[in-house]
Amino acid sequence: MFISSVQLQRLLSIVGATFVALACGTNYVYSAWAPQFAERLKLSSTESNLIGAAGNLGMYASGIPIGLLVDSKGPRPGILIGIVALWLGYFPIHRAYVSGHGSMSVPALCFFMLFSGVGSGAGFSGAIKAAASNFPDHRGTATAFPLAAFGLSAFFFSTLSAFAFPENTGQFLLLLAIGTPSILLVCFFFVRLIPRSSSYSSLTSASNLPSNSSQLHRTKSRDSHHRNSSEIGMTHEPSNLPIPQDSTSGSAGCSESAAPILDPDETSSLMARSISPRSSKDSFYDEDSPVNPRRDSRYADVRGWSMISTVEFWQLFILLGLFTGIGLMTINNIGNNVKALWNYFDDSANSEFIQKRQMMHVSTISILSCVGRLLSGMLINSERLFSSPGDTDRYKISVSKGIGSDILVKKLHMSRFWCLFTSAVIFCAAQLAGFTISDPHMLIAVSGLTGLAYGFLFGVFPSLVAHTFGVGGISQNWGVMCFSPVVWGNLFNLLYGSIYDTNSTVLPDGELDCKEGLKCYSTSYIITFYAGLAGAAITLWTIWHERRILGRLGGKELHERIA
């Protein structure tokens with residue numbers, strides 16, 4: 001089958017974006033080398049967690065500036081920043097490990113780890129930007145590749161290291177220092193925005209609509225640009241792409257004179273689009289419209305200080321922080337869990353054996369995180385396609401895409417917030433396993449459940465932000481939300497570190513070691529278990545709060561959102 005030049009460029013772009021994302025998820029492999037790194041440099045568990053938290057800080061706190069840069073300049077500046085920052089981050093850390101104890105201070109290590117986080121976030125933001133912008137009619141599929149690769153990054157690099165450099169943490173760090181920026185450098189030349197050909201036409205253009213379809217009318221609008229997003233540094237499609245003249249809507253915007261028509265293939269597992277942003281004075285639809293247009297967003301286009309002043313913002317901000325902090329505590333410390341349990345359970349377990357088990361658990365978290373993202377994406381992917389019985393004919397072309405939505409929306413009449421509640425329940429189960437499992441053979445339950453819950457969380461949460469505040473300012477809004485993991489992630493990681501250090505003894509060579517098994521860290525999981533219960537309760541209250549507000553409007557047309 002003949003492939004046009006533009007199609008080939010888009011194919012190369014999505015392949016490049018996938019490899020960029022694969023190289024940018026290495027923050028989650030920290031636990032595979034952190035215990036050995038701390039042992040060689042004589043670091044306490046608290047200091048080790050502080051270094052890991054610095055990487056998370058760089059990744060999440062850079063969301064707003066990197067997102068705005070990629071929004072305005074395209075994916076390449078983000079990838080370029082990723083190349084430089086990943087090198088500046090991992091190579092000094094590699095040199096510190098090779099040089100040993102006293103070669104670098106903890107603040108300096110935190111500083112360089114911060115760079116690795118910034119590089120990861122910047123590169124991933126560029127990858128999602130390219131994938132979403134180059135495939136406007138298949139965003140869900142296009143963004144699924146870099147999203148999956150990002151989640152599998154820890155598995156890829158830990159497995160590669162286990163085969164190529166068994167029990168050689170120094171070589172593993174050198175692999176991260178050279179391999180990650182090299183992948184980005186090669187892909188830099190392929191990942192770019194491909195201009196849309198003039199012959200492009202939307203599948204849902206006005207000429208393709210059934211004759212009996214109801215025409216939606218928009219009476220008030222301030223911004224017609226729809227934006228896509230990513231897990232870190234949400235990005236949107238540029239508005240200067242050509243818009244077909246024969247269509248009432250385009251992927252980059254809507255006609256001011258006619259109602260926008262959702263392209264069903266633009267449904268993304270990452271976020272849900274709203275029909276159009278409107279003035280905050282408009283409720284959920286205009287009473288004088290011929291057909292009440294359904295909206296995915298409670299607010300028209302709320303961002304910045306206006307968003308921060310809402311109750312809904314603080315609900316989501318606290319929930320994202322709680323659950324991300326709970327997940328990051330295990331992600332950054334599963335290596336310490338493995339070491340503590342095996343040293344207590346079997347005195348004959350040597351460092352090589354323990355390191356292999358650490359790699360296995362890191363890979364488990366990575367794989368299950370990818371599965372969780374895909375599952376949550378399926379559940380919300382096509383939730384908005386059917387707003388009322390009269391709309392089914394218009395979008396029946398995409399019925400096959402929304403198997404998960406049939407379960408949530410059409411059969412159970414549940415909103416996407418229930419995906420978040422699912423994540424909360426799994427997190428609670430993981431914490432319960434964390435403070436009860438003393439057999440290292442069963443520790444796989446902790447890593448597996450944590451990975452699954454973390455994947456569910458980030459598979460659904462960006463869409464919740466768009467669902468609540470609209471897509472008009474999604475890049476800025478998601479960047480603001482990402483400050484929450486910075487706070488809670490640091491809190492829970494430092495909590496784990498302090499508890500682990502309290503139960504450790506100082507060896508003659510200055511190394512801290514804990515021989516208490518489960519007691520080394522169980523208290524931290526008890527605390528995060530109750531934090532998970534609190535998060536689950538807040539999620540249920542959020543669902544009730546939304547039902548109460550939307551219930552005032554009544555009408556079966558809103559059944560997807562009031563459940």
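Yeah, the Cβs are placed from backbone N, Cα and C, and that goes for glycine too.
Not measured: the values here are computed from a predicted model.
The transmembrane segment annotation in TrEMBL covers 12-30 (among others).
Outside the transmembrane segment (77-93) by six or more residues, the chain places 20, 23-24, 26, 37, 55, 58, 66, 69-70, 104, 108-109, 112-120, 122-127, 129, 173, 176-178, 180-181, 184-185, 187-188, 191, 233 with a CB less than 8 A from a CB of the stretch. Annotation source TrEMBL lists transmembrane segment at 77-93 (among others).
Residues or ranges marked as transmembrane segment in TrEMBL: 105-132 (among others). Residues 13-14, 16-18, 20-21, 23-27, 41, 43, 47, 50-52, 54-60, 62-63, 66-67, 70-71, 74-79, 81-90, 92-93, 96, 139, 142-143, 145-147, 150, 180-181, 184, 191-193, 228-235, 237, 268, 270 of the same chain lie 6+ residues outside the transmembrane segment (105-132) yet bring a C-beta within less than 8 angstroms of a C-beta in it.
Per TrEMBL, the feature transmembrane segment maps to 144-165 (among others). Beyond its flanks by at least six residues, the transmembrane segment (144-165) meets 14, 17-26, 28-29, 32, 124, 127-128, 131, 171-172, 175-176, 179, 231, 269-270, 356, 359, 362-363, 365-367, 369-370, 373-374, 377, 455, 459 of its own chain at Cβ-Cβ distances under 8 Å.
Under the heading transmembrane segment, TrEMBL lists 171-191 (among others). Cβ atoms under 8 Å from those of the transmembrane segment (171-191) belong to residues 12-13, 15-17, 19-20, 22-24, 26, 29, 32-33, 37, 75-76, 79-80, 82-84, 86-87, 90-91, 93-94, 97, 119, 123, 126-127, 130, 157, 160-161, 164-165 of the same chain, restricted to positions at least 6 beyond its ends.
What TrEMBL lists as region 'Disordered' is 201-296.
The compositional bias 'Low complexity' feature in TrEMBL is assigned to 201-214.
Per TrEMBL, the feature compositional bias 'Basic residues' maps to 217-227.
Annotated compositional bias 'Polar residues' per TrEMBL: 245-254, in sequence order.
Per TrEMBL, transmembrane segment is recorded for 313-335 (among others).
Counting same-chain residues at least six beyond the ends of the transmembrane segment (417-437), those with a Cβ under 8 angstroms from any Cβ of the stretch are 319, 323, 326-327, 330, 337, 372, 376, 379-380, 408, 443, 445-446, 449-450, 452-454, 456-457, 459-461, 464, 518, 521-523, 525-526, 528-529, 532-533, 535-536, 539-540, 542-543, 546, 563. Annotation source TrEMBL lists transmembrane segment at 417-437 (among others).
According to TrEMBL, the feature transmembrane segment maps to 443-466 (among others).
Taking Cβ pairs closer than 8 Å, the transmembrane segment (478-499) reaches residues 44-50, 52-53, 56-57, 60-61, 63-65, 67-68, 229, 232-234, 304, 307-308, 316-318, 320-322, 324-326, 328-329, 332-333, 336, 461-462, 465, 520-521, 523-524, 527-528, 531 in its own chain, all 6 or more past its ends. Summarising the annotation, TrEMBL assigns transmembrane segment to 478-499 (among others).
Per TrEMBL, the feature transmembrane segment maps to 525-544 (among others).
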